[in-house]
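The structure under discussion appears below in the form of structure tokens.
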Amino acid sequence: MPSLYPVSGGTVLEFLRKLFGIKSHNEKELERISRIVEEIDALSPEIGKLEDSAFSGETASLRRAIFDRIDEHDLELKKIADELRNPRDDDRRQELLTLRLETERELISELKDVTMELLPRAFALIREAADRRIGCMSVLALPREEISALGASIEKWADHYAAELSRCGNPWNVHMPMDFYRDVRALGDSRFSYRPFGVQLIGGIVLHEGKIAEMKTGEGKTLAATMPVFLNGLIGKGVHVVTVNSYLARRDAEWMGAIYRFMGLTVDCVDKYEAGSPERREAYLCDITYGTNNEFGFDYLRDNMAIFKEECVQRPHFYAIIDEVDSILIDEARTPLIISGAPEKSSALYQRFAMIAKSPSLKPEVHYVIDEKAHSVTLTEDGVTQVERMLGIDNLYGGANMELTHYLNAAMKALHLFRKDVDYVVKDGKVIIVDEFTGRLMPDRRYSQGLHQSLEAKEGLKVEQETQTLATITLQNYFRMYRKLGGMTGTAKTEEKEFRHIYGLGVVEVPTNRPMVRQDLADVIYKTKEEKYEAVADMIEQVHAVGQPILVGTISIEASETIGALLKARGLACNILNAKYHEKEAEIVADAGKRGQITIATNMAGRGTDIKLDNGAREAGGLFIMGTERHESRRIDNQLRGRSGRQGDPGASRFFISLEDDLMRLFGSDRIKTIMETLGLQRGEAIEHKYISKAIEHAQKKVEERNFAIRKQVLEYDDVMNQQRIAIYEQRQRVLDRENLRNSIIGMTQDIIDETIETCFPEEKDIADWDFDAMVTRMNYFFPIRLTREQIDIFEDREDIRNIVSEMMEKAYSEREETLGADPMRELEQIVVLRVVDSRWMEHLANMDVLQEGIWTRAYGQKDPLMEYKFEALKCYQALIRQIMEEVVDYIFKIQFNAAAEEEKRLIEERPEYHTNKSEQDEEAKQPMKRKDPKVGVNSPCPCGSGKKFKKCCGRDE
């Protein structure tokens, strides 16, 4: 009696669906999409009659239809952007931000509707354009003798094209007569046909809808993407086509660019140009932009390190299609993109200011005041003058000396507020923090704000200078910024859960154009690697004898060289590839389908290039895939297998495994080894068994689950940072957009006043216990108001004190503005905010690096490290906002402003040099931890990332 359980990788659920006629979600999706394909097919006869010159007009017509529907929303967004540059107050700014969000949602909804209405015609146009401009036109690229062999009519068209090209200058401007296309199609030669199949239309629709199209190797993903790329490119907000390497990005931009340019759209590739160059900026302004995931991500980070708006290259993230989406969003997701560089702080400056702080020339109460309650050391006016004399400068707060106050403040705090063997110890030449609650040493922590370096200088130790993270983001959070995201790959279904959970992307399995006839043979397993490699060489020799081309997939370069040496000893020639040179790699892999060819590829080298069989290879049985080891992911194994059997070609695949392989050694069941020992297999003998295949699949699932957990953890931790990153980058963008920051800075001053009142005049204390002197000292430090105790001593209500100090502060701000002039004041505000935000944000990133490195130790105390990280990260962010607020206010009132040009020049000169980690993560910075955790100011941005003030969001109940 036959088994009721299906074989060949099926499941009981799939069997029951078929038994009872229940359609899967994928089948329902395909049925729905097929009805749209029928609409496209119905338009094909009409589109096929259009002259070349009519296609750009069709593009213009489609664009008008889109703009007619969205112009109102775009106009409203422009008005909002204009008012946001100078809102009347912060409340109006919040209203505008809410209105912008609502308008953007309405715009996206309208775009979804109108593009679906236009989709059939747009797809039909690209279907015809692709066949003409890439298919038929390819005959004209043949050598002259081959063109002549095709007949006089084709030869005549070649002469016509050459003359027209000479006249027009660009291939896409050459319009060929309809008779040319008829003559080429009449040849019946598949080399000159590039018309998308029905399954490619399905794939294109899936991509347009913001999903992942799983299309098997050789099914034409590149061509399938042209249709949604064109349709979304009509909107004019930029479509990004993301590839796994620079070679593919450049190739596809040029190859598919023939279609887009013919249709009247602009296209370019960012990888062709230097980072930050005008050419790269222009590439992003095109309707369609190709590039690699790394370059797109790093350009985003660079834009958020820019000093001027003109240095930014990217537009808002609208729509992206990711080629080999599993490789980019899963395989590379564990490594964040990092831009790092040398710290801007000099060890010599820390040492110099440590000496100044210790100098007997600085006397307490005369030159500085220590406030242990507020944990601060404040210079008096005489103190500032004395320090200027010691430094040999005219003004400590002059523009060029702006950062010196940071070193001075840190040195004074280190000397007067932090006690050796109480707050810290010196051990093995290092300053180690003492936990103030437990008394334990914390060697993995460092103080923030340059304090740790100042303590090292104070103790005469070497001041640590480490590589510092300047900007970082995970690929997950970068690609989640796009309004719409689509992806394509041959292997996505095994990772569908992750795609849905992390990115909200569904997966649709697109059927193949022709039935798959490749034979996937059972795995064979050996005891040792040596026996396995000998067996692979034997199989290669056997298959090669009949002329069948062979592609051997290895996981390591060492394995490929071992097999190559075995083949050489047997007199068999082969090509060995690795992933170093994409251009050479793609060329050799493309030749791997020739009769008798042996190719060894490491780590799926040549991915993105089809292996096409010649007639001899097809007759010999097609491409034979030999995997020398099971990868830890089933998806990677499927990718290797997928190199064979494209478009209904014959082929075969088999994996060779040994118990010494990493997968089997680390995750395989010991029962497999026991079975092999029990069977008493001799050297060179292999075992094939259903149980073995299941055990291997089980091992792979265990590894996939572990890797998913790692990627999920990376994202969970970066999600904490992401909200903070968005808030900080939005603040930077306001500066680059030349927004009027006056109201925001006034809000910061009010926060300082409010916080000082809370500290000096606690509600729960009697007036007799209020600290009027501390209030006066702190207010006079931040604001040039010459506040006296007598001015506030007469009040018994905190609100009255708040009002009088606020009035004095606003008057001082207005006087400062009158002295400088309104325009210079606006420029000063922007320069100060940019400098302070950038400097403190980089320091904050360093703090977060150290925090994340050490947070796992909390698990020993039965605490959830992630929850602890979230809690600590919030406190660090609150401290960051507090420090930004205080430094901005301090500098605004004290810095000398000579001319905007001079300040801008200095910003450029002091810009830190940096480098990116590309595919390898740099050694991360171990930078300071924040020790004190002041709360967020009520008028500051809420750290949750909502864009609202803290007092109107998470701080509402405080």
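Here the Cβ of each residue, glycine as well, is placed from N, Cα and C on the backbone.
TrEMBL annotations:
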type	residues	note
BINDING	Gln200, Gly218, Glu219, Gly220, Lys221, Thr222, Asp610	ATP binding site
COMPBIAS	908-935	compositional bias 'Basic and acidic residues'
COMPBIAS	948-958	compositional bias 'Basic residues'
DOMAIN	15-688	domain 'SecA family profile'
DOMAIN	202-361	domain 'Helicase ATP-binding'
DOMAIN	520-704	domain 'Helicase C-terminal'
Binding-site residues listed as Gln200, Thr222, least Cβ neighbours within 10 Å: Thr222
Where Thr222 (ATP binding site) falls in three-state DSSP terms: helix
Where the record names Gln200, Gly218, Glu219, Gly220, Lys221, Thr222, Asp610 as binding ATP, the maximum Cα to Cα distance in Å: 16
Neighbourhood of Lys221 (ATP binding site) by C-beta distance under 8 A, where only residues 6 or more apart in the same chain count: Gly203, Ala213, Met215, Asp323, Met488, Thr489, Gly490
Those binding-site residues listed as Glu219, Asp610, and which of them has the most Cβ atoms within 10 Å of its own Cβ: Glu219
Gln200, Gly218, Glu219, Gly220, Lys221, Thr222, Asp610 excluded, remaining Cβ within 8 Å of their centroid (ATP): Met215, Thr217, Leu223, Ala224
Averaged pLDDT score, the domain 'SecA family profile' (15-688): 88
Structural state of Asp610 (ATP binding site), classified by DSSP into three states: coil
Cβ neighbour count (within 10 Å, all chains shown) around Gly220 (ATP binding site): 19
